[in-house]
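S.K.: Mind looking over this structure? Questions follow.
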2 protein chains.
Amino acid sequence: MNADVLNFEKAGGLVAAIAQDADTGDVLMIAWMNREAFEETVRTRRAVYYSRSRNRLWRKGEESGNVQEVKSLYVDCDGDAVLLKVKQIGGAACHEGYQSCFFRELDGDALRVVGDRVFDPAAVYKK
Amino acid sequence: MNADVLNFEKAGGLVAAIAQDADTGDVLMIAWMNREAFEETVRTRRAVYYSRSRNRLWRKGEESGNVQEVKSLYVDCDGDAVLLKVKQIGGAACHEGYQSCFFRELDGDALRVVGDRVFDPAAVYKK
């Protein structure tokens with residue numbers, strides 16, 4: 001099966017997964033996948049991660065609707081990381097409402113917000 | 001100091017570090033940084049990682065000469081990952097001689113090499 005191309009044992013059953021916008025090339029986020037998440041991602045062509053904090057599968061967009069359609073998938077040289085080129089539905093990958101989770105740039109000793117906010121998280125997640 | 005913008009405790013003293021080509025947007029590799037690696041990266045503007053297998057700082061390019069000049073650095077929303085936009089000296093980030101470590105694409109159940117080999121690792125590392 002697909003998952004045999006990966007080495008899940010190296011990091012406690014998980015591989016790193018980077019999501020990149022297929023059109024712009026912007027790096028959107030990094031998360032984790034266990035074997036089940038990887039297999040479901042490949043099968044459904046939608047990004048499924050494994051949440052280390054919640055200890056369960058995390059079907060990206062399950063709350064917000066902002067799913068990631070997987071256009072192509074790459075495996076790194078030592079098989080412990082994958083790169084997904086995705087179409088980010090809703091325009092924002094970050095739960096804080098930014099297009100990318102990497103919306104802060106290091107500027108001297110401080111972080112400066114450089115990303116644009118696409119949505120208001122309070123409205124989307126109804127917390 | 002700079003490193004206080006990151007949460008090193010979440011994953012045993014390490015944060016994930018993604019290197020992206022500053023010009024092309026290609027994702028080159030993923031590695032890890034401890035606090036010392038991060039601080040040296042910021043100070044020297046050259047990528048320094050922490051090798052989990054060798055348990056020591058890994059100054060990218062120390063053997064091959066293919067250093068990564070850091071053009072800008074971003075921190076993700078929860079502070080446990082950084083994104084480096086780099087100029088990859090030598091044209092290849094991967095120790096196997098490819099521009100990117102993600103040189104294999106999942107194609108059905110198999111991996112297909114899609115990257116171009118920039119150098120012969122046997123010649124560069126003299127193994």
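Cβ coordinates are placed from backbone N, Cα and C, and glycine is handled just like the others.
All TrEMBL annotations are machine predictions without curation.
Quick paste from TrEMBL:
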- B:29-103: domain 'Phosphoribosyl-AMP cyclohydrolase' (DOMAIN)
- B:ASP76, B:ASP78, B:ASP80: Mg(2+) binding site (BINDING)
- B:CYS77, B:CYS94, B:CYS101: Zn(2+) binding site (BINDING)
S.K.: If you count Cβ atoms within 10 Å of each one, which of the binding-site residues B:ASP76, B:ASP78, B:ASP80 comes out on top?
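M.R.: Top count of Cβ atoms within 10 Å goes to B:ASP76.
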S.K.: Please report the number of other Cβ atoms within 10 Å of the Cβ of B:CYS94 (Zn(2+) binding site).
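M.R.: So the Cβ neighbour count for B:CYS94 (Zn(2+) binding site) comes to 23.
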S.K.: Tell me the Cα distance separating B:CYS101 (Zn(2+) binding site) from B:ASP76 (Mg(2+) binding site), rounded to the nearest angstrom.
M.R.: 22
S.K.: Would you identify which of the binding-site residues B:CYS77, B:CYS101 has the most other C-beta atoms lying within 10 angstroms of its C-beta?
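M.R.: Counting Cβ neighbours within 10 Å, the top one is B:CYS101.
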S.K.: Kindly report the helix/strand/coil residue split of the domain 'Phosphoribosyl-AMP cyclohydrolase' (B:29-103) according to DSSP, in that order.
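M.R.: Residue counts in helix, strand and coil order: 10 helix, 31 strand, 34 coil.
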S.K.: State the Cα to Cα distance, in Å, between B:CYS101 (Zn(2+) binding site) and B:ASP80 (Mg(2+) binding site), rounded to an integer.
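M.R.: About 21 Å separates the two Cα atoms.
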